[in-house]
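Taken from TrEMBL as is:
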- 99-293: domain 'ABC transmembrane type-1' (DOMAIN)
- 33-57: transmembrane segment (TRANSMEM)
- 105-125: transmembrane segment (TRANSMEM)
- 137-158: transmembrane segment (TRANSMEM)
- 164-184: transmembrane segment (TRANSMEM)
- 227-251: transmembrane segment (TRANSMEM)
- 271-296: transmembrane segment (TRANSMEM)
Amino acid sequence: MTNLNPTGEPTVADAAGMLVQPGRRQRAGWRMLLPSMTPWLAIGLALVAGITLFGVLGPHFVSDPTLIRDQGLTPPSAQFPLGTTQTGQDVLANLAYATRGSLEIGILVGILATVLSAFFGIYGVYRGGLVDEAFSLLSNVFLVIPGLPLVIVISGFVPPEHRGLWTIVAVLAITSWAASARVLRAQTLSVRNRDYVAASKIGGEKPWRVIVVEILPNLLPVIASQFVFAVIAAILGEAGLSFIGLGASSSTTLGTMLFYAQNGFALSLGAWWWFVPPGLMIALFGMGLSLVNFSIDEIINPKLKDLRLYRERAREVARREHELVRVDRAAAGTDADAARSTVSKVSSR
C-alpha cells in the first residue's frame with residue numbers, strides 16, 4: 001500500500017521502497033556495460049582526452065622539433081615555453097611529436113595484444129580439447145618468461161636500421177598478451193556453459209557467430225579493461241626500451257626524449273625542463289588510464305557492481321526526495337495564496 005502525503009504524492013519512503021524492489025531494472029542492458037560517471041572517472045577521462053588531443057593536434061601548432069638553434073639549454077621563456085635542449089631544439093615541439101609517437105605505439109600494441117589474447121583465450125575455450133590445452137600451455141609459457149628481459153633480448157637482436165615502429169609494436173604485443181588471455185579464458189569458461197550458448201550450438205549456429213553474438217558481448221568490459229592495461233604497459237615498455245637505446249629508430253617518443261636528456265646530462269646540468277615534461281606526461285597518462293580502468297572494474301568485479309547499484313539507487317532516492325520537497329513547497333505556496341485570497345474576499349465583504 002502506498003502512503004500519500006497531503007498533496008497526494010508518494011512519500012520518500014515509498015520511493016526508496018520502489019527502488020530497492022528485487023528484480024527492478026535500474027538501467028537498460030547496454031548501459032550496464034558502461035561505468036558510472038564518478039569524479040575519479042571524470043578526472044581520468046579528462047587526463048586521457050587532454051593528452052590525446054595534445055598528441056594529435058599539438059604537432060600542427062609547434063615548430064620543427066629537429067631545428068637546431070644556437071640557444072642551447074635555454075630555460076622556459078615566452079619564446080620557448082618549455083625551454084630548449086642542449087642543441088637548441090624546442091622542448092615543447094619535441095614533446096608534442098613524442099606524445100603522438102607514444103600514443104601510436106600504445107594504441108597499436110593495445111589492439112594487437114587484445115586481439116591475440118581474445119583469440120587464445122576465447123576461441124581456445126570454445127573449441128576445447130587439445131586446442132584449449134595447447135593454447136593454455138602457450139599462455140603459461142609466456143607467463144613464466146619474464147617480460148622485460150624478453151623484450152630487451154628480442155629488441156637487441158634486431159639491427160637499429162630495421163628497428164622501426166612496427167618492430168617495437170610486434171615485440172611489445174607478443175610479450176604482453178598472455179596475462180590477458182588467462183583472464184579471458186577464465187571468463188569464457190563461465191559463459192560457455194550458459195543456456196543461451198548451448199541453445200545456439202544446438203540450433204546449428206556457426207562457431208564464429210556463437211562467439212561474436214553470444215559470448216563476446218558478455219566479455220566486453222573485461223576486454224576493455226585488458227585493452228586499457230595493454231596500452232599502459234605498452235607506453236611504459238616502449239619508454240623503457242627507448243631509455244636504454246633499444247627503441248624505434250625512426251620515430252620520436254617520450255622514451256627517446258628521456259634517452260636524449262640522459263645522454264645530454266640534463267640532470268647534472270640542472271635542465272629540469274628537458275626531462276620533467278616527458279616523464280610527467282607518461283605519469284599523467286598512465287594515471288588517467290588507471291582511473292578509467294578502476295571504473296571499468298566496477299562492471300567486472302561483482303562486489304564493486306553491487307556497490308555501484310547501491311550508489312545509483314541512493315542517487316535516485318535523493319533525486320526523488322528533492323522532487324517531493326519541491327512539490328511540497330509548491331503546494332504550500334498554493335495553499336498560502338488561496339488563504340490570502342479568501343481573507344481578502346472576506347475583508348472586502
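Each residue, glycine too, has its Cβ placed from N, Cα and C.
TrEMBL labels come from automatic prediction, so no person has curated them.
Sequence-distant neighbours of the transmembrane segment (164-184) (same chain, 6+ residues past either end, Cβ-Cβ under 8 Å): 101, 104-105, 108-109, 112-114, 116-118, 120-122, 135, 138-143, 145, 147, 150-151, 154-155, 158, 219, 222-223, 226, 229-230, 233-234, 237-238, 241, 247-251. Counting Cβ pairs under 8 Å to the transmembrane segment (271-296), the top-ranked stretch among 33-57, 105-125, 137-158, 227-251 is 33-57. Counting same-chain residues at least six beyond the ends of the transmembrane segment (33-57), those with a Cβ under 8 angstroms from any Cβ of the stretch are 96, 99-100, 102-103, 217, 220-221, 281, 284-285, 287-292, 294-296, 298-299, 308, 311-312. Residues 120-121, 167-168, 171-172, 174-179, 181-182, 185, 237, 240-241, 244, 246-247 of the same chain sit 6 or more residues outside the transmembrane segment (137-158) yet have a Cβ under 8 Å from a Cβ within it.
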